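Student: Before I ask anything, let me first share the structure, which is written out below as structure tokens.
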């Protein structure tokens with residue numbers, strides 16, 4: 001019988017994490033459970049930095065970016081003796097289960113704790129949208145809004161100077177954020193890690209656009225694919241058009257979450273409590289076709305396939 005739970009955020013922050021914490025806390029309190037917030041992710045769990053939360057602890061949090069509980073990278077959590085200390089800390093507080101909000105690295109920690117006998121539920125919190133078992137992750141749509149706003153501003157100046165702009169978008173090794181931003185921002189060219197593409201392919205497409213009368217262009221590219229400053233220099237050399245690179249960086253992680261992320265985070269947080277009360281552990285929450293679902297965490301980490309959004313890419317190319 002679950003009476004007390006913990007909640008933490010781990011890994012890179014994402015807009016909507018506070019809304020997810022709020023969803024967990026208020027749904028748990030409605031069911032008569034006690035809730036403890038853990039500061040700075042798994043590091044705080046290991047260092048026994050926890051605080052009991054009530055309804056007012058999460059007041060005015062639904063619209064705030066970041067995570068008020070904090071987050072930290074803690075690779076040492078891979079070690080079993082480190083996790084054993086974390087479990088002992090939770091047991092000292094009387095905790096029966098844990099809700100973890102984060103990406104696939106956070107999921108791995110939750111899975112390991114479950115394997116050691118401490119039930120966990122994972123919620124997908126990352127702007128990269130790279131978690132298997134869910135159509136969208138908490139924070140994706142807010143980051144998308146931020147990227148599109150930046151692209152709109154770059155288009156203003158690119159068109160004024162008949163310039164080519166190369167925009168580096170976050171996503172780690174997933175092109176979803178780049179693809180969505182390219183469609184919404186009307187980008188002329190796209191480079192994502194799921195599609196094999198050379199810089200000469202890109203230059204050929206840009207030259208074809210120039211031959212048709214294109215005066216300026218926006219190139220959206222996912223991070224880690226290449227050095228965007230070098231790419232911009234190469235494009236300028238090969239096309240004769242002034243080209244500049246812009247790395248949006250961590251600004252993409254900040255900002256007040258858009259309504260969809262607030263709703264998604266709230267629903268997922270409340271659903272995590274439902275699952276725990278039903279006796280589930282080692283599960284992760286997702287949304288598929290606008291319905292909440294849950295999967296075994298190990299499947300989300302290792303076994304499930306995450307289909308590439310070819311229809312998004314096809315749409316973007318038709319609109320070049």
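Quick reminder: no glycine exception, Cβ is built from N, Cα and C everywhere.
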Student: Swiss-Prot has 73, 74, 103, 104, 105, 106 binding ATP. Which one of 12, 16, 23, 171 is in the same site?
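Tutor: Looking through 12, 16, 23, 171, the residue Swiss-Prot assigns to the ATP site is 12.
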Student: Do you know which of 163, 262 Swiss-Prot groups with 126, 127, 128, 170, 171, 172, 223, 244, 250, 251, 252, 253 in the substrate site?
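Tutor: Given 126, 127, 128, 170, 171, 172, 223, 244, 250, 251, 252, 253 bind substrate in Swiss-Prot, the matching entry from 163, 262 is 163.
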Student: Tell me, how many other CB atoms lie within 10 A of the CB of residue 172 (substrate binding site), whichever protein chain they belong to?
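Tutor: There are 18 such Cβ atoms around residue 172 (substrate binding site).
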Student: Out of 73, 126, 128, 170, 251, the recorded positions in the record, which is closest to residue 22 (ADP binding site) when you go by Cα distance?
Tutor: 126
Student: Please identify, among the binding-site residues 103, 212, 216, the one with the smallest Cα-Cα distance to residue 253 (substrate binding site).
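Tutor: Answer for the nearest of the binding-site residues: 103.
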Student: For the substrate site made of 126, 127, 128, 163, 170, 171, 172, 223, 244, 250, 251, 252, 253, how many Å separate the two farthest Cα atoms?
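Tutor: If we measure all Cα pairs in 126, 127, 128, 163, 170, 171, 172, 223, 244, 250, 251, 252, 253, the largest is 32 Å.
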